[in-house]
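Engineer: Take a look at this one; I'll ask things after.
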Amino acid sequence: MKSDTQVRAPTPKVGKQATAVTLGAFLSGAMMSLSAVMIPVVLQTNDQADQLLKQWALLYHYGHIIMPSLAILTTSLYAYIAYSKRAVGHQDWSAYAKAGLTTIAIVPFTLTIMEPTNDTLHELSRSTGNSLDIVQGLIVKWVWMHTVRSVFPMFGSILGFRGVLKECGVYSK
């Protein structure tokens with residue numbers, strides 16, 4: 001006969017953590033889709049440099065509005081979680097701090113690694129009569145850098161997910 005007085009360990013509340021992990025994964029996927037789907041379509045369907053530059057500039061414009069905002073939101077959520085856990089002496093707060101730092105790493109990567117290429121593409125988009133080969137080469141270079149940048153939020157999500165698994169007692173390292 002089963003006892004009705006069995007004691008269960010309390011289920012950890014991980015709603016904020018799950019939201020941060022999901023946002024980071026969504027951000028990474030949205031960013032990666034530009035490199036894996038959108039830019040190849042644009043490259044394969046344009047035979048005029050000026051049109052290609054116009055499309056890239058619009059893609060950059062809308063991406064610049066959405067992606068940094070998602071990165072800041074995700075990082076802020078990770079920072080809040082890390083701070084809250086550290087304030088009460090929770091030993092696994094650093095997993096969320098690392099997840100946030102990894103996610104926001106897209107900003108310095110953009111400013112140090114990608115900005116020269118971004119600036120060149122923007123400068124070319126304001127002129128006419130550009131070489132298709134040069135523009136395609138710059139956009140392919142941009143795609144590779146953007147692909148690398150897209151991985152940062154995914155690594156952040158993995159680190160955050162490990163933190164969630166630790167809290168739930170599923171992962172012990």
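All positions are counted from 1 along the displayed chain.
Cβ atoms are placed via backbone N, Cα and C, with glycine included.
For reference, Swiss-Prot lists these features for the protein:
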- Asn118: N-linked glycosylation site (CARBOHYD)
- 23-43: transmembrane segment (TRANSMEM)
- 62-82: transmembrane segment (TRANSMEM)
- 93-113: transmembrane segment (TRANSMEM)
- 138-158: transmembrane segment (TRANSMEM)
Engineer: Tell me the Cβ contacts of the residue listed as 'N-linked glycosylation site' under 8 Å, same chain only and six or more apart in sequence, or just say none.
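Structural biologist: In sequence order, the residues whose Cβ lies under 8 Å from that of the residue listed as 'N-linked glycosylation site' (at least 6 apart) are Tyr60, Thr110, Trp142.
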Engineer: Taking residues 6+ outside the transmembrane segment (23-43), which of them lie with a CB under 8 Å of any CB in it?
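Structural biologist: Sequence-remote neighbours of the transmembrane segment (23-43) are 52, 55-56, 59, 63, 66-67, 70-71, 73-74, 77, 99, 103, 136, 139-140, 142-144, 146-147, 149-154, 156-157, 160.
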